[in-house]
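Enquirer: Below you will find the structure I want to go over with you.
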Amino acid sequence: MDRARGAALQLRPLPPTSSADPGGSEASFSYKENLIGALLAIFGHLVVSIALNLQKYCHIRLAGSKDPRAYFKTKTWWLGLFLMLLGELGVFASYAFAPLSLIVPLSAVSVIASAIIGIIFIKEKWKPKDFLRRYVLSFVGCGLAIVGTYLLVTFAPNSHEKMTGENITRHLVSWPFLLYMLVEIILFCLLLYFYKEKNANNIVVILLLVALLGSMTVVTVKAVAGMLVLSIQGNLQLDYPIFYVMFVCMVATAVYQAAFLSQASQMYDSSLIASVGYILSTTIAITAGAVFYLDFIGEDALHICMFALGCLIAFLGVFLITRNRKKAIPFEPYISMDAMPDEGAG
């Protein structure tokens, strides 16, 4: 009797545990979702980068010709707009499949693609003797960013949770996230006070404001995207009020994030914004995802360390890519502000 009771107690916790699948099908499914999300994000960032450079090329071509047409009357500009929307849709959908901590750093793909497209397609002609001096750091940076991206995808957290209204609400009122939000609000208010009242126009101050808002944007984007995908699959989530709360927060934080980024673009070189903004935004967004969605719960130390190493290598790659870019003095408002790493690529 006691032996049977002991066996029952041992077996009882096994059914709800995701790792209890003896065939490994659950783990395989999780890695498949990670791969789908990563591929969608890479595709989206790549297409957005192509779109932005197409629009930039359209403006450059019109400015250097006697064509009286406005830019929005050209097929090239509309093709760029269509590709931008397609790419943003891919990035948005990627959050529904993979952990936030995996998707956010993959924006380095935009920097890599813009560097390559800019050199081949838009950049002024270069002489062979000047090639190594001008572009060697960009190619080294691209190589490092690719290595970092590989490590990120390989050692990304494997946490997968259905984005139901109940789960999101539970995370939203959990004490770790409430404490995190308190710290973030206090820090945001302090930075805003120094920026507005003390004229602290340092790029780190402005981009920290952008990064703090951006961390909330990606948290809400994952919630909205996940609930939409579940609804499309037949598990309706649109009748939960938390969906509309997250949607409003997503739009509001994205708008204010773009406003601060626009101000930064008028004061600083876009290449500097690309590198510093990527590092700050990625770091804070990963922290927010780890607190809200518990991305790294259950991960072993080796995977976490390798993931962190991938982030550091990607950071260094982005920094090298943007280090020797020419300063873009005029501010070009036709470039999407929510894709800041691409602005310095032209």
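Keep in mind that glycine also has a Cβ here, set from the backbone N, Cα and C atoms.
If you look up TrEMBL, you'll see 1-25 marked as region 'Disordered'. According to TrEMBL, the feature transmembrane segment maps to 35-55, 76-97, 103-122, 134-153, 173-195, 202-230, 242-260, 272-294, 300-321.
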Enquirer: Would you confirm whether the transmembrane segment (202-230) and the transmembrane segment (76-97) meet the contact rule of 3 or more C-beta pairs below 8 angstroms, pairs 6 or more apart in sequence?
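Expert: Yes, these stretches are in contact.
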Enquirer: What same-chain residues lie close to the transmembrane segment (103-122): Cβ under 8 Å, and 6 or more beyond its ends?
Expert: 37-38, 41-42, 45-46, 48-50, 52-53, 56-57, 60, 91, 94-95, 135, 138, 141-142, 145-146, 148-149, 152-153, 218, 222, 274, 278, 281-282, 285-286, 289, 310-311, 314, 317-318, 321-322, 339, 341-342, 344-346
Enquirer: Cβ under 8 Å, sequence separation of at least 6 from the ends of the transmembrane segment (173-195): give me the contacting residues as numbers and ranges.
Expert: 201, 205-206, 208-209, 212-213, 215-216, 287-288, 291-292
Enquirer: Cβ pairs under 8 Å only, please: of the recorded stretches 76-97, 242-260, 300-321, which one is richest in them relative to the transmembrane segment (134-153)?
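Expert: So the stretch in question is 300-321.
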Enquirer: Is the transmembrane segment (300-321) packed against any residues at least 6 beyond its ends, judged by a Cβ distance under 8 Å, and which are they?
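Expert: Sequence-remote neighbours of the transmembrane segment (300-321) are 101, 105, 108, 111-112, 115, 137-138, 140-152, 154-157, 274-275, 278-279, 282-283, 286, 341.
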